[in-house]
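Trainee: As listed in Swiss-Prot for this protein:
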- 1-267: region 'Amidoligase domain' (REGION)
- Ser13, Asp148, Ile149, Glu150, Lys188, Thr189, Lys190, Pro191, Thr192, Gln193, Lys224: CTP binding site (BINDING)
- Ser13, Lys188, Thr189, Lys190, Pro191, Thr192, Gln193, Lys224: UTP binding site (BINDING)
- Ser14, Ile15, Gly16, Lys17, Gly18, Ile19, Asp71: ATP binding site (BINDING)
- Asp71, Glu141: Mg(2+) binding site (BINDING)
- 292-534: domain 'Glutamine amidotransferase type-1' (DOMAIN)
- Gly354, Leu382, Gly383, Met384, Gln385, Glu405, Arg462: L-glutamine binding site (BINDING)
- Cys381: active site, nucleophile (ACT_SITE)
- His507: active site (ACT_SITE)
- Glu509: active site (ACT_SITE)
Amino acid sequence: MSKFVFVTGGVVSSIGKGIVAASLGRLLKSRHYSVSILKLDPYINVDPGTMSPFQHGEVFVTEDGAETDLDLGHYERFTDTSMSRLNSVTTGSIYQAVINKERRGAYMGGTVQVIPHITNEIKERILRVAQNTNPDVVITEIGGTVGDIESLPFLEAIRQFRKEVGRHNVIYMHVTLIPWIPAAKEMKTKPTQHSVKELRSIGIQPDILVCRCDRPLHPGMKEKLSEFCDVPVESVITCQDASSIYEVPLILEKEGLAHQTLELLRMENRSPDLSQWQSLVEKMQSPHHDITVALVGKYVQLSDAYLSVVEALGHAAIASDSKLHLRWISAEEIEAQGAATFLKDVDGVLVPGGFGIRGVDGKVQAIEYARENQLPFLGLCLGMQCSVIEWARNVAKLPEANSAEFETETPNPVINLLPEQQDVVDLGGTMRLGLYPCRIAPDTLAFSLYQKEVVYERHRHRYEFNNSYRTQFTDTGFVVSGTSPDGRLVEIVEYPHHPFFIACQFHPEFHSRPNQAHPLFSGFINAVLKRRNAPAKIAVNCHTVTEDHEPS
């Protein structure tokens with residue numbers, strides 16, 4: 001039978017529960033325990049698929065096509081384990097399931113209530129994760145902050161859960177904040193005391209406290225927290241701020257988090273093997289090169305909107321012994337001031353996914369600049385579609401080319417709606433989602449990176465390359481290097497007469513791992529590094545001249 005760890009958060013939101021849950025998962029896996037991590041989100045949306053990136057951050061897509069919270073990306077990257085739609089639960093999905101059951105008569109005419117019907121559905125979802133893959137430990141993160149009205153059904157459900165599966169099969173872990181008060185020149189435990197008091201008022205006594213702080217907790221502070229929160233002093237864990245999230249598992253291992261967890265669950269505390277993770281962190285902390293990459297997007301004011309892209313770039317930078325300087329550039333500002341203003345001193349350009357017409361022309365201009373100036377370029381999803389539009393307008397002599405998403409009456413719809421999307425009305429959960437195969441053409445950049453004939457990547461899109469223009473593109477030098485197995489759907493495009501110019505319809509960032517960077521990102525960063533270390537080249541009327549590269 002699986003054991004269960006429930007992670008709650010107190011004092012403030014964005015306390016880092018997801019990183020703590022993911023780090024615990026890594027520590028347990030280092031002891032050869034299997035782990036699955038579940039996120040319970042208190043918002044009433046069925047999933048985050050239709051939410052604004054400014055409100056929610058990125059939508060992380062699982063292999064089975066679920067649109068989920070970005071924390072699932074942390075879970076996958078830290079544990080190197082793929083999650084599924086079972087690992088993401090929202091209040092909206094719970095209520096939807098209960099109401100559907102009521103409509104079918106499943107409750108035999110009874111009054112449907114939060115207790116027991118909503119709480120039973122929540123418990124059923126937790127058990128479903130355990131039954132699906134039978135992991136040794138299921139870690140469940142409860143979204144929101146203790147005290148929020150939205151979280152109450154989830155907290156009540158996990159309170160009941162312990163009684164039903166056995167006391168020694170469940171522990172409660174509370175992540176909280178110990179703030180430093182500059183005026184008093186001391187750390188304060190009172191917010192944590194009140195947070196634990198709130199948790200205890202609904203029947204949950206935390207077994208472990210994970211204390212977020214910007215400096216070490218001294219022993220006296222731990223003893224105080226132990227006394228007032230009724231937690232053994234050895235279960236008061238310091239989680240001090242770190243320069244990278246990948247340091248957190250090592251910090252928590254040193255503090256004894258995994259040891260305390262296993263002891264409370266009556267599991268063997270096996271010897272951990274964190275040597276690879278330690279090497280990863282050491283390599284990240286001592287880079288030999290500096291590179292600058294421009295990320296040209298629509299939602300650059302909120303970095304979480306592109307979280308997996310940033311992480312994937314970081315993984316590739318670590319692998320190449322490089323320190324990545326990421327320059328966030330608004331596509332709309334490029335429209336106003338021109339691409340050269342922002343891109344003249346970067347080493348590479350990445351255009352990520354997105355939706356809507358705002359900023360599209362700026363992305364197209366950025367891609368044109370990268371192509372003409374021999375800047376390494378990587379396009380993802382909408383980034384690929386923009387590269388197709390750029391090529392059509394500037395090389396294939398179709399100046400009015402556009403995507404049907406942005407201009408329904410364009411005379412040259414080089415990007416068109418997928419046929420299966422023609423009659424779709426609802427927005428939520430209706431795109432081409434999840435893992436699909438891609439067949440890669442030999443003797444292409446894509447094949448040199450993947451070294452495979454068929455790869456599987458995650459998708460999230462409604463529009464595709466319009467095959468009516470494929471011959472016109474290939475005749476002008478554009479290469480279709482990856483397609484669906486039947487050859488119909490264009491998955492990867494590239495321009496061979498360029499140091500590195502490749503774009504894909506899928507989202508490779510979702511498959512990148514700290515210890516195994518994705519091939520497309522590795523290739524991109526290696527090309528960026530090669531350019532950085534070589535004499536600069538500037539395009540002049542399709543020819544290149546070499547200049548001395550000024551040190552920076």
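Each residue, glycine too, has its Cβ placed from N, Cα and C.
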Trainee: Let me know the model's mean pLDDT on the domain 'Glutamine amidotransferase type-1' (292-534).
Mentor: 94
Trainee: Specify the nearest of the binding-site residues Ile19, Lys188, Lys190, Lys224 to Gln385 (L-glutamine binding site), where nearness means the distance between Cα atoms.
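Mentor: Minimum Cα distance from Gln385 (L-glutamine binding site) across Ile19, Lys188, Lys190, Lys224 lands on Ile19.
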Trainee: For the C-alpha pair, I'd like the distance in angstrom between Gly383 (L-glutamine binding site) and Lys188 (CTP binding site), rounded off.
Mentor: 47
Trainee: Which of Ser14, Thr189, Thr192, Gln193, Gln385 (the binding-site residues) has the most other Cβ atoms within 10 Å?
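Mentor: Counting Cβ neighbours within 10 Å, the top one is Gln385.
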Trainee: Let me know the largest Cα to Cα distance in Å among the ATP-binding residues Ser14, Ile15, Gly16, Lys17, Gly18, Ile19, Asp71, as an integer.
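Mentor: With Ser14, Ile15, Gly16, Lys17, Gly18, Ile19, Asp71 as the binding residues for ATP, the largest Cα distance is 13 Å.
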Trainee: Drop a 10 Å sphere on every Cβ of the binding-site residues Ile19, Ile149 and tell me which sphere holds the fewest other Cβ atoms.
Mentor: Ile149
Trainee: Using the structure shown, find which entry in Lys190, Lys224, Arg462 (the binding-site residues) has the sparsest Cβ neighbourhood within 10 Å.
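Mentor: Minimum Cβ neighbour count within 10 Å, taken over the binding-site residues Lys190, Lys224, Arg462, occurs at Lys190.
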Trainee: Counting distance between Cα atoms, which of the binding-site residues Ser14, Glu141, Leu382 is nearest Thr192 (CTP binding site)?
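Mentor: For Thr192 (CTP binding site), the closest Cα among Ser14, Glu141, Leu382 is found at Ser14.
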Trainee: When you look at Gly354, Leu382, Gly383, Met384, Gln385, Glu405, Arg462, which the record names as binding L-glutamine, what is the longest CA to CA distance in angstrom?
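Mentor: Those residues reach a largest Cα separation of 14 Å.
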Trainee: How many angstrom lie between the most widely spaced Cα atoms of the UTP binders Ser13, Lys188, Thr189, Lys190, Pro191, Thr192, Gln193, Lys224?
Mentor: 24
Trainee: Long-range same-chain neighbours of Pro191 (UTP binding site), Cβ under 8 Å, sequence gap at least 6?
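Mentor: Listed in sequence order: Gly10, Val11, Thr176, Leu177, Ile178, Pro179.
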Trainee: With an 8 Å cut-off on Cβ distance to the Ser14, Ile15, Gly16, Lys17, Gly18, Ile19, Asp71 Cβ center, who else from the chain surrounds the ATP site?
Mentor: Gly9, Val20, Ala21, Glu141, Val175
Trainee: Using Cα-Cα distances with a 10 Å cut-off, which of the recorded positions Gly16, Ile19, Asp71, Ile149, Lys188, Glu509 are near Met384 (L-glutamine binding site)?
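Mentor: None, since no candidate lies within 10 Å.
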Trainee: Roughly how many angstrom lie between the C-alpha atoms of Ile15 (ATP binding site) and Glu141 (Mg(2+) binding site)?
Mentor: 12
